[in-house]
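S.K.: Annotated domain 'Nitrile hydratase alpha/Thiocyanate hydrolase gamma' per TrEMBL: B:19-199, in sequence order. The Fe(3+) binding site annotation in TrEMBL covers B:CYS110, B:CYS113, B:SER114, B:CYS115.
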Amino acid sequence: MNGPHDMGGFTGFGPVLHEADEPVWHDDWEPRAFALVLAMGMTGSWNIDEARHARERLPALQYWRSSYYEMRHYALVLQLIELGLVSAMEDEQGRMAVPPKPVKRVARAEMIPAILASGGPADRPSNRPQGFAIGERVRARTMNPRGHTRLPRYARGKTGEVVAVHGTHVFPDSNAHGGGEDPHWLYTVRFTGAELWGKDSRDAVCIDLWEPYLEKAP
Amino acid sequence: MAHDGHHHDHEEGSELSPIALRVKALESLLVEKGYVDPRALDVLIDTYETKIGPRNGARVVAKAWTDPAFADWLKRDATAAIASLGYTGRQGEHMVALFNTPDTHNMVVCTLCSCYPWPVLGLPPVWYKSMPYRSRAVIEPREVLKEFGVDLPDAKQVQVWDSTAELRYLVIPERPAGTDGWSEEQLAEIVTRNAMIGTGLVTA
Amino acid sequence: MNGAHDCGGMMGFGPVVAEANEPVFHEAWEARMFALMSAVGDVGGWTLDEDRAACEAMEPGHYITSSYYEHWLSGLERLLQTHGLASAEEIASCIASAPSRPVTPTAADAVWPAVTAAGSYERRTGGQPLFRPGDRVRTRHLNPAHHTRLPRYLRGHEGEILACHGAHVFPDSNSRGLGEDPRFLYTVRFRASDIWGNGAPDLIHADLWEPYLEAC
């Protein structure tokens, strides 16, 4: 979706502010919010693409108004309510009113290091033939799906060159919507600044794009 | 009218919202510096609250429905045709009339700000200036129209006009059936603002 | 600039909410803000294009989360400073501290003639338009840091010239105090399916100046 998260190419946000000796957290609630998001993710109630899409589906005004951890918190609440893991009233009152629903796993303190260490690899085997080779010119499709996608708006319709092939990976456009992992070939495509932004630029932007986003350059 | 501007002006500052306080303070500064005449502000507000509004556009539409020569003039030079009814001025310097037909429905938006033909429609409603309308009218016009209760057959083409320059667009809706013999005044009564933006249809 | 104002095609803002019997102004301050912008604009020495550029210059998060007349307030505060009519300190305190630039404010009885005067943004130039109705054109990949009226969603797309309106004041110059620099203005027709890749049968039109376009 062309949501508030798809920020590439926006201007007007001002300089990037660097904070000297920045602490990990800026407020006491931030580490709790962060840990809640991770711990609930570990219950296996959703996959990473569904979690990303939940953030994008926050009302645009709320997304833009929120700090990073606020946004993560609101997206978590959205998912919890949608899945019936908590009710809106429970969220408001902070007290249990209905019995819990069973979840796949509750991560105990002693399990955390192993879970974090194992990560969540996204490469998957697939029988699909590889459509593009390194050095090939490809064009990102003009598409504006209402659902989750990882093809940013600024790259759509633009032509670039395949510079890496990463095998077949979980396809977010499917996995975010209960369509299964549906692995597709994943490429790094290099676009020149001139192609993306029309300026006389020597820079380039490389984007990781799945094969369904691409077509042979005309 | 939902409010009375002069009543609020005399309220205590503490009852005003932060933005209302800021505007009030800025007005007092600009009056103190001699840049504005506060009475001119009153006239400006009154002009667009009571004198210039969608009734003007409705008269243009009603005349177009009843006077083929005027309709033809509107198609060729909407600025002059509309000026002949006395509607000129700010945000209407270059008018274009878009005639709906059985095959075509026109709909106006300004994605970049909120350009709108003031002399014929007055100031735009909040929804026209809102992010939902500005963002969606160009990509899913039919869904937006449905929210306004306008469900168009697939065979009808939607033409969206994004007002990027100083051209201002007025939709001339289709005249509804069952209005034969109606006077211009009667017809003007049934022309809605939304129909002249393209988010409504006129019904008798 | 690719600011938050340039929102054509963005998703997530929810439904369009229309209010029945909507008043012209919802709060008294909105009416005062509207009138202030108009009245100061008459004497401030800035153009409509500078006015739009000033409203767009808000930080995007602030722009999106604030109301329409708050955009105007932010724009006016910026213009007052850039045109030397009021300092940042004066605006913050709302107490005049410096002598004001001498101007003659619009009088109450001059308002109606001023708002109903038939103006024009068309200007005479010697040249000839590059394109004619029916010509195929492509919008350029422009991403200027300054004000422009070529929306992002229409960049790099093919369309057809529907009409030429003569040479009009060019916002990309006029908004920066570089003069009116009139350029030929066209209404360009695009197929929605070309823009969005969604197969929609609809058409989109925009009014675009010649420097935004190239032959295809």
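Here, residue 1 is simply the first one shown, and the rest follow in order.
Backbone N, Cα and C atoms are what each Cβ position is placed from, and that goes for glycine too.
Automatic prediction, not curation, is the source of TrEMBL annotations.
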S.K.: Given the Fe(3+) site residues B:CYS110, B:CYS113, B:SER114, B:CYS115, which other residues of that chain have a Cβ within 8 Å of the mean position of their Cβ atoms, reported in sequence order?
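M.R.: Leaving out the recorded residues gives B:THR111, B:LEU112, B:TYR116, B:PRO124, B:LYS129, B:ARG134, B:SER163.
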S.K.: What is the Cβ neighbour count of B:CYS110 (Fe(3+) binding site) at a 10 Å cut-off, with all protein chains included?
M.R.: 24
S.K.: Just name the winner among B:CYS113, B:CYS115 (the binding-site residues) by count of other CB atoms within 10 A of its CB.
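M.R.: Per the Cβ count within 10 Å, the most buried is B:CYS115.
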S.K.: Within 10 Å of the Cβ of B:SER114 (Fe(3+) binding site), how many other Cβ atoms are there?
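M.R.: There are 20 of them.
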